[in-house]
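Swiss-Prot lists HIS83, HIS182 with the feature heme b b562 binding site. Look at Swiss-Prot and you will find HIS97, HIS196 tagged as heme b b566 binding site. What Swiss-Prot lists as ubiquinone binding site is HIS201, and the listing cites similarity to another entry. According to Swiss-Prot, the feature transmembrane segment maps to 33-53, 77-98, 113-133, 178-198, 226-246, 288-308, 320-340, 347-367, an assignment based on similarity to another entry.
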Amino acid sequence: MTNIRKSHPLMKIINDAFVDLPAPSNISSWWNFGSLLGVCLILQILTGLFLAMHYTPDTLTAFSSVTHICRDVNYGWVIRYMHANGASIFFICLFTHVGRGLYYGSYTFLETWNIGVILLLTTMATAFMGYVLPWGQMSFWGATVITNLLSAIPYIGTDLVEWIWGGFSVDKATLTRFFAFHFILPFVITALAIVHLLFLHETGSNNPTGIPSNADKIPFHPYYTIKDILGILLLMTTLLTLTLFAPDLLGDPDNYTPANPLSTPPHIKPEWYFLFAYAILRSIPNKLGGVLALALSILILALIPMLHTSKQRSLMFRPLSQCLFWALIADLLTLTWIGGQPVEHPFIIIGQVASILYFLLILVLMPVAGIIENKLLKW
């Protein structure tokens with residue numbers, strides 16, 4: 001008799017994706033982050049659902065409703081802080097997942113990579129709108145500053161901003177629509193993640209060497225299920241430690257002050273995971289130029305497959321490109337630090353140098369390094 005997991009129409013899909021899937025025998029812990037992102041997404045949807053049961057998307061009561069969740073709802077504070085810190089863990093996993101793809105040349109799976117870039121953009125949009133919902137000072141001013149950037153678009157800019165706001169400033173209409181979008185987008189992300197997996201399973205996983213591994217495959221279960229469970233345990237330990245011991249470590253103190261349109265905070269900045277892009281935006285003195293650089297800092301990922309010049313897929317055997325890759329990581333950490341600093345000397349010039357270096361590394365230095373390494377192969 002055929003096993004039910006191989007014959008039942010629904011079980012068969014799950015079986016082919018998570019049980020009998022042929023996987024390379026040598027994929028390292030850097031390949032754990034896909035499953036961790038899935039866990040993060042489920043966790044965010046569940047905690048978000050329970051928060052939405054008590055939250056009111058209204059300018060007069062939003063801040064109070066979040067306070068009510070933390071003070072009066074049974075374990076409401078745990079749910080609220082798991083959701084807020086869950087977003088930070090989500091982005092740590094996202095950036096690591098993208099970094100892994102860059103390092104090992106996984107971007108040569110074009111469809112999977114492009115869906116991944118769309119997933120990243122959608123997740124960033126969702127996180128931004130979620131940050132507005134508690135209606136604290138940084139929520140309000142963050143929303144005002146970031147949405148106002150669209151006014152830099154020639155001709156339609158101002159109309160576009162007022163259309164997004166639903167009025168002449170960030171107000172009740174903005175909060176209501178942001179709540180609606182923040183609620184629906186995670187389900188869009190889930191659908192995109194399924195498509196992402198679908199495309200990945202068309203080609204099979206990449207591996208650290210970048211060499212086809214068809215000759216040496218092992219079943220996903222039990223080898224990688226047990227490996228994923230270890231990753232999930234470490235993820236949950238990190239999240240719970242953060243939530244229970246330092247829930248406000250990654251937040252902004254200004255968000256404990258209710259939103260006040262008449263008082264601007266001294267330093268407006270987004271959540272830490274957007275600081276690198278915010279630093280690039282601020283490093284250009286022209287508004288439209290800054291907005292374009294901001295958009296390009298993320299969209300440049302879609303160009304990566306076209307910038308691949310090496311005959312080898314992975315960076316595993318390419319020391320020159322490895323040095324440039326880690327220089328890029330250091331540069332991104334520098335940009336993240338600068339994004340959280342005030343706009344004054346010496347931070348302005350550091351931000352400008354780091355921004356130029358970011359684009360220079362991706363667009364020029366890494367492709368050139370690939371060509372040099374090709375020459376060294378013949379040497």
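Backbone N, Cα and C atoms are what each Cβ position is placed from, and that goes for glycine too.
Keep in mind the model is a prediction, meaning the values are calculated, not measured.
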Quiz item: Should the transmembrane segment (33-53) and the transmembrane segment (226-246) be scored as in contact, given a threshold of at least 3 Cβ pairs under 8 Å and pairs 6 or more apart?
Solution: yes
Exercise. Go through 77-98, 178-198, 320-340, 347-367 and flag the stretch with the largest number of C-beta pairs under 8 Å relative to the transmembrane segment (226-246).
Key: 77-98
Quiz prompt | Neighbourhood of the residue listed as 'ubiquinone binding site', C-beta criterion under 8 angstroms, separation at least six | solution = ASP16, ALA17, LEU21
Self-check item: Among the ranges 77-98, 178-198, 320-340, 347-367, the one whose Cβ pairs under 8 Å to the transmembrane segment (113-133) are most numerous
Solution: 178-198
Quiz item: Restricting to the same chain and to residues at least six past its boundaries, which positions have a Cβ under 8 Å from a Cβ of the transmembrane segment (347-367)?
Solution: 279-280, 282-284, 293, 296-297, 300, 303-304, 307-309, 321, 324-325, 327-328, 331-332, 334-335, 338-339, 341
Quiz item: With every protein chain in view, how many other Cβ atoms are within 10 Å of the Cβ of HIS97 (heme b b566 binding site)?
Solution: 20
Quiz item: Reported as an integer number of Å, what is the Cα distance between HIS97 (heme b b566 binding site) and HIS83 (heme b b562 binding site)?
Solution: 20
Practice problem: Provide, as an integer number of angstrom, the distance between the C-alpha atoms of HIS182 (heme b b562 binding site) and HIS196 (heme b b566 binding site). | Solution: 21
Exercise. Provide, as an integer number of angstrom, the distance between the C-alpha atoms of HIS83 (heme b b562 binding site) and HIS196 (heme b b566 binding site).
Key: 24
Quiz prompt | Spatial neighbours of the transmembrane segment (320-340) far in sequence, C-beta under 8 Å, 6+ residues away | solution = 99, 102-103, 269-270, 272, 274-280, 282-283, 310, 347, 350-351, 354-355, 357-358, 361-362, 365-366, 369-370, 372-373
Practice problem: Give the number of CB atoms, excluding that of HIS196 (heme b b566 binding site) itself, located within 10 Å of its CB. | Solution: 21
Quiz item: HIS83 (heme b b562 binding site) has how many other Cβ neighbours within 10 Å of its own Cβ?
Solution: 21
